[in-house]
Structures are given as structure tokens and as C-alpha cells.
């Protein structure tokens, strides 16, 4: 096997929790990418204007960010985390089932807000739990986790595509004229950003003809095994109230030997507490409490801030590039045909998913710090070449694929690297997830307004600036890593040989 026996044994001991967290992230991906291609059919279903229906995007993205901030609240015990994941994944299935029944745009926005909260909780809790289980070995499992979100994001548009309306789904006297704009409008909505649609005139009154409901019901059924998997994990850990027991399942003889072998080392490590690492992995609001700052060095804050700023930029690039690459391609000087340009967002997300798959074995052989360095340098060079060859349609496709590959593993690698610096204490997961969510939302809005004022060429200029800032912040992170106090070997609470067990609260250690 391409990983050693120690990691393989750890994976086998935690097989069910790991597979469960991966499947929950599949729910996240399934829910994040369907809205763009189905938005016009949902506009018909709710008989709303394009400007009204695009608020559904905002409600989902804003509540996703809010859910990411609140996700850390459920970290205190494993039971709280699993119940939150069960409720969130079940909520996503219910949202898919309820969307076809929403005939008012305000109701639809509220439903998507619930989905956003569920997605935010899934994002924070799944990353946090995998880091707690595998600690120094977490990089490879985080790469796999983020592959599943990419896989879900690719699957949901494919499920929806056969049920999308080929002509305008509200039949009226102006249907013929409006239908000619439909492919252009639909592609500009893929996968996250609604774009500037104010100049398109589609009918709001008439007979609604859409079959998109079937797509949502299919996605609800596909997602249903996920909350069931979380429930089975709760049942296995004796955390379901009606099946609860005072003791957890016994360990096998081999597992017991591995548990007891480093006992002396663990006792020493738990006996010594660092001033700033008393709790660790708090929610965002608990992280900001003054009691967590006592005795902490400035490098402790600097690592959190610079790590979050790197992801603010890189995840912001993912959002703004996927949202505006189509609009950039169809404008001068490239003037790519609408149908051909429509492949660009799919190509971008396809190579993000491929990159995450490739990163699973690579992350075992390569340190997270090295992977992040390659990623940010690759993003910077790709944008530089896109600017140099800005008149080449062929290189736009090559650059889009290259950018997807370099951005694919940035988040999990940065998370593993930052947690490793902080010895798996502090608030790194919550802060990084929140920073990435804010970046994706803010940079989309910023780039959209700049393109509207300065023209399509500013799209690449913004990407180059954001890539440069990401590289700069990463350089600062490397500097603060060198300054950060290193634990002595006998005090290393994050020993890679330490197996993932549960304490009295049911929390993985």
C-alpha cells in the first residue's frame, strides 16, 4: 500500500467515522452547485423576476457563512457533533424535497437559508472531527474529504440537466423572444454567481411549464443514505438516547495493545497545559473570548490570521473565477461562442475534483506546507500567463484547467499545515473555514462591481492581485511558523503514534 501500516491501522480503527464524514461532505457538494443551473426554472416556479430570484444566492451564501461560524458550538462532545451532522444532512434532504413546493420566492430564500446553515455546520464539524481523529496524519484524509465535495458539486448539475427547460418555462406572448436568451442566461448562472442579468427581459406571468421538481426529488433520495449513515455511527457509539449504554464498545486485543503502549507519554502530555491551548477547536465566538488570549504569544494570533487570509484569497478566487469566467470569455476580445464558453465553469470544477483526487496519495508523500507553496505559486503563475496570452482562447481553457488543479488542494493542505503549527489546539479550523467563506462571498461581489465599471479585462487583473496577496500572506505564515514556539518531544500532544480514542465526554482525542 502507498501509505505505511501505522496510518493504515489508524484508518481501519476509524473506518466508520471517516467514511461518515466523507459522505456528509458529499451532501455539502451536492447542495452547493445545483442552484445555478436550476435558477431559471425556479424563477418560473415562483413566478418572480430575475433580480428577485438572485437573492436566493445571497441567502444561501450568507447563511453558509453563518453556519460555519456556529458549527464550532457543537464541538464540545462527539455526541453533539454527530447530532449536528445528522440534523444538517437530514435538513439537506428535506430541502431538496421541499424546494418543488416553494411557489413564493421569499419562502424559497428561507428554505435555501436553512440549507446554507446546514452546509456551514457540515463544513466546520467534518473538518474539525477529521483533524481531531488523525492529527498529524490528517492531511491525506482532509484531501479525500474535499474530493467528495467536488464530486457532489459535479453530480448535482448532471442530475438537474435532463429536467431543465429548453425554452422559457413561463408561456406567454413574449416567450419566443425570451427563449432565445435562455442558454446565455443559464450559463451565466453556473455555478455560484448570478452575474449582471438586469438587461434580460423574461415573462413573469403565464402558464408554468417545468419538470425540475423531479431533479430535486432525485437528489433528495440520493442524499438520504447520508443521514442514515450518521445515525448508524451514533448508534454504534451508543449515543442514541433509546439505545444508549454506560460503556462504549470494547476494543480488540490488538487495538488495546496500541492504546496502552504510549500511555506514559500521553499522561505526561496531558499533564502539561500550554496557556493558549486549554480548550482548542472552539466556535468562532468562544475563540474571541479574552480568557483564551491570556499568555498567548503574538505568533499564536499571527498564524490564525495569516492562515485565514491565505484561504480568504484562494477560496475567493475559486468563487470569482467560477462565477465570471463565462462572462469574461463571451466578451471582447475573446468573443467565445456561448455554448463553448459554457464548458469553462464545468472544466474548472472538473479539474478541481481531479486535483483533489490526485492530492490524496500525493499528500501522504509531501508535506502540507510544500503543497500550499506549490498551490499559491501555481495560481500566481497561471494568472500571469493568462494575462500574457489574454487573446488566446486555447490558453484560456488550458489556464482554467491549470487553475482548478492548483486551487484544488489549497484548503485541506492549509488546514492540515496550520493545525500542525498550533499542535492541534487553538481555533484554526473554525477561523480558517470562516475566512474561506467570507472570501468566497466578498470577492465575488467585489469582482462583479469592478468588471461592471472597468470591463472584462479587469477579471484577470483581479485574479493576479488576489494570487499575489495569497502568496504574500503565505510568506508571512512561513515566517510566523519559524517564530512559533515548538514543543519538546516529550510534551508533544499531537504524537502521530497516539491512536484516536474517546475521553469520558465521548470526544475523539
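Easy rule for this one: first residue shown is 1, then count along the chain.
Each Cβ is built from the backbone N, Cα and C atoms, and glycine gets one as well.
Feature transmembrane segment, per TrEMBL, maps to range 21-40 of the set 1-20, 21-40. Of the Cβ pairs linking the transmembrane segment (340-358) with the transmembrane segment (457-480) and spaced 6 or more residues apart, fewer than 3 are under 8 Å, so the two regions do not touch. In summary, the transmembrane segment (370-389) lies against the transmembrane segment (298-318): three or more C-beta pairs, each 6 or more positions apart in sequence, are under 8 Å.
When each of 21-40, 105-126, 298-318, 429-451, 457-480 is scored by its Cβ pairs under 8 Å to the transmembrane segment (214-235), the top-ranked stretch turns out to be 21-40. Long-range contacts of the transmembrane segment (105-126) within the same chain, counting only residues at least 6 positions beyond its ends with a Cβ under 8 Å from a Cβ of the stretch, are 21, 24-25, 27-28, 31-32, 35, 42, 46, 48, 52-53, 55-56, 59-72, 74-75, 81, 84-85, 87-89, 91-92, 95, 98-99, 145, 429-430, 433, 437. Of the candidate ranges 21-40, 81-99, 298-318, 429-451, 298-318 contributes the most Cβ pairs within a distance under 8 Å of the transmembrane segment (457-480).
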